[in-house]
Amino acid sequence: MIDKRPRTPREAAAFSLFSMQEEGAWSDGALHHYLARAGLAGRDAALAARLTYGTVQNELLLDWYLRQFSSVRLKKIAPRVLACLRMGLYQLILLDKIPAHAAVSETVALVRRYCRANERTTSFVNAVLRRAAQVAEAGALPAPDCPDKESYYALRYSHPEWLVRLWSAQFGLKTAEALCRADNADTPVSVRVNTMKTTPGAARRELEAAGLTVTPHRDFPEILLCTGGDAAALPAFAEGRITVQDAASALAAAVADPQPGDAVLDCCAAPGGKSFVMAERMWGKGSVISCDIYEHKLKRIRAGAARLGLPNIRTTLQDAAAPRADWVGTADVVLCDVPCSGFGIIRKKPEIRYKDPAGLEELPALQAAILQNCARYVRPGGTLVYSTCTILRRENEDVVRAFLEHNADFAAVPWAHPVCGARKDGMATLLPPVHDTDGFFIAKLRRNA
Ligand SMILES: C[S@@+](CC[C@H](N)C(=O)[O-])C[C@H]1O[C@@H](n2cnc3c(N)ncnc32)[C@H](O)[C@@H]1O
């Protein structure tokens, strides 16, 4: 992390972008860190967040515009200078409340202070942004000329073209565009109410009294969608009455439907969101074994369970793809919330879209190996749930269908929930613009008794 203390929203946003480039930080983690370092809250924090997320969400489009105004090839521009240029251009052409002179002069000041820039570089940044401001002011911004709709949406919403084409083939062009648009929209923070400690109504009143605007999820009353403040900084969070969790994630655990007294195995559990839902639904009776392959992540599960007051969660370091003879046939419920490409949560972590697709090719094989191995832990008549936070068929339906083909002792179980209606084949793909949730996949299977 950059060691300096930012003083303004623009500095907090710029430091967050630098930290992403230089240290591989996540946008939300970096922003949270620098907002805290700067002591920014309210409108200032909201501006820093908009600048950080907006710049990442629109990176490909901003680069396209920069190429129209820059005499220097983008590859030749120092990374910090490029980050500042993107953020300045974002304010000039995609935000409407920031005066152009402020966007230009503040960007030049950032470059001068934090990019080890000489006079030539600051003059270059000034010239590029002033030119862009003039053209934007005259309503004469150039329009991208793309060969087809997929490539246009890819540029317009800054998504990789291969992903837009895949979504278009899978869901149709209209839904592919809606997915891209939803990924760039302002998303409220979703919190889930811990019904062992409070009720949705009381939690809502508590959050509203703290100044947040709260809307219950239309189909999931324990989920409250919050704007206008940091719910995780409130006593309601510290004292375990709420936790930050999306409706889709809570739904995966609800579909597993553990009962008080059950033995539950959560195979890929960190940071623990679904373990917490299941333990709460069991009212502290029975056991949830929450596993992960990383020891440091188990600590987060334990901290969350302590905060939420869940005594029946035990953590274990375990590779979900490696067999454990002592677990075979022991669990009433097994949840495989497998590692995945994460393309369902781009609206929360915008940089996920820029992942190198080559690194994703191995995922279906790993997901299949985890599902196959952990299925052995389900007792006869027990439940197996497979879930991901991606919406790519190859990591979802394809993995589950192949599993069912090779495991005649398992069958899909129909289920229904107001979020997505009746699922006769046991599977649901949730889409942000359709279900008002993260993009997610849930499949419920049962082992023959
Ligand atoms: C999608 S996240 C799980 C989210 C979690 N279920 C929740 O609701 O908070 C996937 C998790 O699987 C873990 N993981 C990756 N490979 C694994 C493996 N082979 N065995 C067990 N856990 C693994 C990752 O460390 C990560 O924490």
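Quick reminder: no glycine exception, Cβ is built from N, Cα and C everywhere.
Because TrEMBL annotations are produced automatically, they should be read as predictions rather than curated entries.
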Given that TrEMBL annotates Cys268, Ala269, Ala270, Pro271, Gly272, Gly273, Lys274, Asp319, Asp337 as S-adenosyl-L-methionine-binding, name the residue from Asp257, Asp292, Asp326, Asp356 that shares the site.
Asp292
Taking only the residues the record lists as binding S-adenosyl-L-methionine, namely Cys268, Ala269, Ala270, Pro271, Gly272, Gly273, Lys274, Asp292, Asp319, Asp337, what is the largest Cα to Cα distance between any two of them, in Å to the nearest whole number?
19
Compute the C-alpha separation of Lys274 (S-adenosyl-L-methionine binding site) from Cys389 (active site, nucleophile), stating it in Å without decimals.
12
Can you give me the Cα-Cα distance between Cys389 (active site, nucleophile) and Cys268 (S-adenosyl-L-methionine binding site) in Å, rounded to a whole number?
13
Helix, strand or coil: which one is Gly272 (S-adenosyl-L-methionine binding site) in, per DSSP?
coil
For the recorded positions listed here (Cys268, Ala270, Cys389), tell me which residue's CB has the most neighbouring CB atoms inside 10 Å.
Cys389
